[in-house]
Amino acid sequence: MRMRSFCFLISTLVARAAALAQHNPAPAGDDAKARQAAAAKLLPTIPKCGLACLETAVLASPCSFTDLDCSCNNATIAEQVAICALGSCTVKETLSMKNITETMCGKPVRDRTHVIAYSGIGGMAVAIAAYLVRIVSKIHMPAQGLAFFSELWWDDFVMTIGMMFLIPLCSISVPISSPGLGRDIWTLTYHEITRTLKLLYVDELLYVASLGTVKIALLLTYLRFFSVPAFRRLVYIMIGVNVCYMLAFILGSAFQCKPISLTWTQWDGEHTGSCVSFNGLGWSSAICNILIDLVVIGMPLPLLYSMKLDNRKKFMVMLMFGVGFFVTVISVLRLHILVSYGKAKNFTWDYVPLGYWSKLEIQAAVFCACMPAMRNLFRRFSPKIMGSTSAGDTTAQSGLSGRTSPWMASLDRRVHRDRTWNETDNGDLGTLATSDYGKSVDTEVGLKTMKSEVINMRAD
């Protein structure tokens, strides 16, 4: 009986709004009457379950049905309607009702999709630039009679794989936010919600794969620098830990629901199946990631502390590891967001910070891993500014374990052809691979020295 009377009231409001619009049009700037008329037309489109909730809440409040401002600004009505709708309506009906009532009340449409798109594409451009500098710095073109050679090693190969994960990960930022992430969920169509969740599923897999791969590349870079057996064993252990982390959470994320499609369809409550705890999976992944970060960044610090570096090199080392700790800080912020919004209903809006922090974390990790190579490239053009090498605690082969690989064999033959490089304190050639941030960082200086000596010998 009450429902029929409420529907009669709706019909009356609609008729009244039509009459006002036809016979007594509102003067310009009379927003209240215009909103009242628009609301009267939207009211019948509210799902029946929502109408019942709205009727109950308004009747229990001091507001009247014709006082739109009072109903829209009454927090008690909004809370009671939301609780009632969640218990009486389906998910789709609840979202439809929320969208209609927000429109009736003239609430602004929130939109920060551009934040997702810009942060993803902009950060990807910086990461790609850092990667290209890394590769270019290790390729030596023919010059002064010397043949082409490169210092590319396994860390560069693994970093390339990491970039193959990072580029699609960041590129997803555009479709996932057009529209989708960055808008209130009730403003999206049902298809857009499903599509956003499907892209988030792919995004999650790429995130774990790219982050783990970049860390492995950084660990392999450590093998270029240090020959201490205990340290090298720890590096191999951490590479194994990273591989296990990647396999565990990639498989866990990929098969978190049965069937897999339930990952992006269960939101509407119309599909059956089972899923593991999303929060449990996300939190455990984030915690493991932070612990691995701390170990990977902190591993070389004792060795670096024991070395004798000038202030310029100390600054460069501190800068690199400062970026590394910044990545860890981002990981902590990401975990905080996961915990804070673990049960968020409006995930397309609440998870925006999670989206751009996740991208920034990986982009900063790539930049950090490529910083040693950046110094090598800059040193070619400005050796005085970037500094030269001095003696230190390194391997017998200039601390470059990668020299034993076939990739470096041709370079070694050229170097050892005319001169024995066993002098550990040679100021031109250098031995402190750690302070020089890379494999054979003084190769060009050494080759030029060797070239001049050969020319002098021939002249004699």
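Yeah, the Cβs are placed from backbone N, Cα and C, and that goes for glycine too.
In three-state terms derived from DSSP, D67 (heme binding site) belongs to neither a helical nor a strand segment and is classed as coil. What TrEMBL lists as heme binding site is D67.
According to TrEMBL, the feature disulfide bond maps to C49-C89 (among others). The Cβ of C49 (disulfide bond) has A85, S88, C89, E93, M97 as same-chain neighbours under 8 Å, each 6 or more residues away in sequence.
Taken from TrEMBL, the feature disulfide bond applies to C53-C84 (among others). For C53 (disulfide bond), the count of additional Cβ atoms within 10 Å of its Cβ stands at 25 [all protein chains shown]. Taken residue by residue with DSSP, C53 (disulfide bond) is part of a helix.
The annotation disulfide bond is assigned in TrEMBL to C63-C70 (among others). Sequence-distant contacts (6 or more apart, same chain, Cβ under 8 Å) of C70 (disulfide bond) comprise S61, P62, C63, S64.
Cβ environment of C72 (disulfide bond): M104, C105, G106, K107 lie under 8 Å away, each six or more residues apart in the same chain. Residues annotated as disulfide bond in TrEMBL: C72-C105 (among others).
Within the domain 'CFEM' (21-132), the DSSP-based counts of helix, strand and coil residues read 83 helix, 1 strand, 28 coil. Per TrEMBL, domain 'CFEM' is recorded for 21-132.
Marked as signal peptide by TrEMBL: 1-21.
Annotation source TrEMBL lists transmembrane segment at 115-136 (among others). Here the transmembrane segment (115-136) has long-range neighbours at 152, 156, 159-160, 163, 166-167, 170-174, 176-178, 181-182, 352, 355-356, 359-360, 362-363, 366-367, 369-371, 373-374, 377, meaning same-chain residues at least 6 beyond its ends whose C-beta is under 8 angstroms from one of its own.
Sequence-distant contacts of the transmembrane segment (157-176) (same chain, at least 6 residues past either end, Cβ-Cβ under 8 Å): 116-117, 119-121, 123-124, 127-128, 131, 134, 196, 199-200, 202-203, 206-207, 209-210, 213-214, 216-217, 220, 355, 359, 362-363, 366, 369-370. The feature transmembrane segment is assigned by TrEMBL to 157-176 (among others).
Residues or ranges marked as transmembrane segment by TrEMBL: 205-223 (among others).
Marked as transmembrane segment by TrEMBL: 235-255 (among others). Listed as Cβ neighbours of the transmembrane segment (235-255) (distance under 8 Å, sequence separation of 6 or more from its ends, same chain) are residues 201, 204-205, 208-209, 212-213, 215-216, 219-220, 222-223, 276, 281, 285, 288-289, 292, 295-296, 299.
Under the heading transmembrane segment, TrEMBL lists 283-305 (among others). Packing against the transmembrane segment (283-305) from elsewhere in the chain are residues 208, 211, 215, 218-219, 222, 225-226, 228, 231, 234-235, 238, 241-242, 245, 249, 252-253, 317, 321, 324-325, 327-328, 331-332, 334-335, 338-339, 342, 393, 434: each is 6 or more residues past its ends and has a CB under 8 Å from a CB in it.
The feature transmembrane segment is assigned by TrEMBL to 317-342 (among others). Same-chain residues lying 6 or more positions outside the transmembrane segment (317-342) and placing a CB less than 8 Å from one of its CB atoms are 279, 282-283, 286-287, 289-290, 293-294, 296-297, 301, 304, 309, 350-351, 353-354, 357-358, 360-361, 364-365, 367-368, 371-372, 435, 437.
For the pair C53 (disulfide bond) and D67 (heme binding site), the Cα-Cα distance reads 17 Å.
Just so you know, the Cβ of C105 (disulfide bond) picks up 15 other Cβ atoms within 10 Å once every protein chain is counted. A gap of 21 Å separates the Cα atoms of C84 (disulfide bond) and D67 (heme binding site).
In the predicted model, the domain 'CFEM' (21-132) shows an average pLDDT of 82.
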